[in-house]
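The structure appears below as structure tokens.
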Amino acid sequence: MSHDETLKESLTRNGVSRRGFLKFCATAASIMALPPSMVPAIAAALESARRPSVIWLSFQECTGCAESLTRSHSPTVEGLIFDAISLDYQHTLQAAAGDAAEEAREEAMKENWGKYILVVDGSIPLGNPGYSTIAGISNLDMLKETAKGAAAIVAVGTCATFGGIPKANPNPTGAVSVSDIIKDKPIVNVSGCPPIPVVITGVLAHFLTFGTIPELDELGRPKVFYGNNIHDRCYRRPFYERGEFAETFDDEGAKKGWCLFKLGCKGPITYNACATAKWNEGTSFPIESGHGCLGCSEPNFWDMGGFYKALSQPAVDVSQTAAYALGAGAVAGLGIAALNRKKKADVATDHQTVTIHDLRRNDPSKTEAEDS
Amino acid sequence: MSNVNTCASLDTGNDILILHEIRHALRKLLDDGESTIIDLRAIPMAPGEEARIEAMLGQGELSATLNALGKSTINETAFSGAWLITHYNTEDEILGKFIEISKLPSILASQHEDIEVALEQLTHQLLV
Ligand code: SF4
């Protein structure tokens, strides 16, 4: 497929019928978290969409984000979205290496100057450029150079969006996020460790469909995916409201599916789409599997107290607060968001590391002596 | 990840809300002829809730299978006018699940563009 061919032309050339195209649009709308009534508009936009060039840079990362995407559950539709873009550089996936790979990047930049999408996963070390280089070029130099000609940047994963695990205390490499360095380009932060694959493709599909980036929250994340916190959409929420909490991972409460707040769930301060988009072909998400949310799509999640340490306390009666906010004519979500942010700040200052003892404290078969 | 905590008492209550939404949509279809589509994947559900909705909707008179970019099943539910549409990819994994409230789901009808191609092909075949 050439850069000048539209997505529609490419599908037709591949023998995809109009019905197939409509199915693609319906699924794309669902991926973009847009209402199904938008399908005709999406179809009209995609019919004339031209194939954008994508350059994907990987810095201090574990490749989990690319794994999440390439192993995502919908090879057909997501594959089509990938066919619909031109992935001109991705050093993990491309066959070329070394100078040949760098030439491909430079050529793609030159050919599509001002129009390409730059995808970045991984954080950028500022401590010493030697911590992470590609073909002898430091991450910082490569990012600055490649960002110059980009139409927009998609930072994928919590490392690229907020510094992530490399930035965790004591941040030995001086890791920073993409938005700490690039200030003059639109940046979409697709956070998560890793991000939900459909969220990554959702952002690309949005760019493909509308030629723009989606509406962002104050942390630069697309509102359609990060507009709600996990707690607000969690199916265990009724147990939270009733004060029914699992106290250990194998007590009666855990077996009955009660709220995991006391086991360290960070759902109340975490904004992401896991509760609806889910993972592994929509099978479940961590809370559905019996483990609290780690808060991986939030800045500094690694340093937000122990994973198994409860947030300060469920002292704030959220439903009550929402009622006050509504009574005052305010938007309930705003009141709760402010509270959650305060809670998050409190948690950050109350940092505590996890010990083996913390992990074992719920296992009655382990004694103190064994732990020490 | 497996559903280790499935439990009959888990319930978001969204299954009943969806049934109400379908009821309103059926009324709208009768009064104004307007169709509605509900994206089931956009709604939080407890383990087993989606299956419960499907069981409550039941199976109606008509089922169809579409083969385009993988399979899609289009089943009229026991409530005439409410259709359950499931799109699969070529590996038979579910891509999306929708409830469409309409007289005939739009994806079932032959599409203008495909008819044009068919006309061209048939004309060509008759000329050869
Ligand atoms: S605290 Fe966690 S498990 Fe409990 S309702 Fe909130 S998100 Fe769900």
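The backbone N, Cα and C atoms fix where each Cβ goes, and this holds for glycine too.
Now, the feature entries from TrEMBL:
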- A:21-46: transmembrane segment (TRANSMEM)
- A:C62, A:C65, A:C159, A:C193: [4Fe-4S] cluster 1 binding site (BINDING)
- A:62-206: domain 'NADH:ubiquinone oxidoreductase-like 20kDa subunit' (DOMAIN)
- A:226-304: domain 'Cytochrome-c3 hydrogenase C-terminal' (DOMAIN)
- A:H231, A:C234, A:C259, A:C265: [4Fe-4S] cluster 2 binding site (BINDING)
- A:C274, A:C293, A:C296: [3Fe-4S] cluster binding site (BINDING)
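Feature annotations (TrEMBL) mapped to structure.
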residue : record                          : contacts (Cβ under 8 Å, 6+ apart)
A:C62   : [4Fe-4S] cluster 1 binding site : A:I165
A:C65   : [4Fe-4S] cluster 1 binding site : A:D121, A:V156, A:G157, A:A160, A:P194, A:P195, A:I200
A:C159  : [4Fe-4S] cluster 1 binding site : A:F59, A:Q60, A:E61, A:D121, A:G122, A:S123, A:I165, A:P166, A:K167, A:A175, A:S177, A:C193
A:C234  : [4Fe-4S] cluster 2 binding site : A:Y240, A:G267, A:A275, A:I287
A:C259  : [4Fe-4S] cluster 2 binding site : A:R236, A:R237, A:F239, A:Y240, A:E244, A:F245, A:A246, A:C265
A:C274  : [3Fe-4S] cluster binding site   : A:I196, A:I230, A:F285, A:P286, A:I287, A:C293
A:C296  : [3Fe-4S] cluster binding site   : A:T158, A:S191, A:G192, A:C193, A:T270, A:N272
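Proximity to chain B (Cβ-Cβ distance under 8 Å) holds for the following binding-site residues out of A:C62, A:C65, A:C234, A:C259, A:C293, A:C296: A:C234.
Candidate binding-site residues: A:C193, A:C265, A:C293. Fewest other C-beta atoms within 10 angstroms, A:C193.
As a whole-number mean, the pLDDT of the domain 'NADH:ubiquinone oxidoreductase-like 20kDa subunit' (A:62-206) in this prediction is 85. Using the Cβ center of A:H231, A:C234, A:C259, A:C265 for [4Fe-4S] cluster 2, the list of other same-chain residues with Cβ within 8 Å runs, in sequence order, A:I230, A:R236, A:R237, A:Y240, A:L260, A:F261, A:G267, A:P268, A:I287, A:G292, A:C293. Checking the binding-site residues A:C65, A:C159, A:C234, A:C259 against ligand 1 with a 6 Å cutoff on the Cβ atom leaves A:C234, A:C259, in sequence order.
Just so you know, the Cβ of A:H231 ([4Fe-4S] cluster 2 binding site) picks up 24 other Cβ atoms within 10 Å once every protein chain is counted.
The [3Fe-4S] cluster site is set by A:C274, A:C293, A:C296; from the centre of their CB atoms, other residues of the chain with a CB within 8 Å are A:G192, A:I230, A:K266, A:G267, A:T270, A:N272, A:F285, A:P286, A:I287, A:L294, A:G295, A:S297. The residues near the [4Fe-4S] cluster 1 site, meaning same-chain residues not in A:C62, A:C65, A:C159, A:C193 whose C-beta sits within 8 angstroms of the mean position of the site's C-beta atoms, are A:E61, A:T63, A:G64, A:D121, A:G122, A:G157, A:T158, A:A160, A:G164, A:I165, A:P194, in sequence order.
DSSP states for the domain 'NADH:ubiquinone oxidoreductase-like 20kDa subunit' (A:62-206), grouped as helix (H, G, I), strand (E, B) and coil, give 66 helix, 31 strand, 48 coil.
Under DSSP, residues within the domain 'Cytochrome-c3 hydrogenase C-terminal' (A:226-304) fall into helix, strand and coil as 30 helix, 6 strand, 43 coil.
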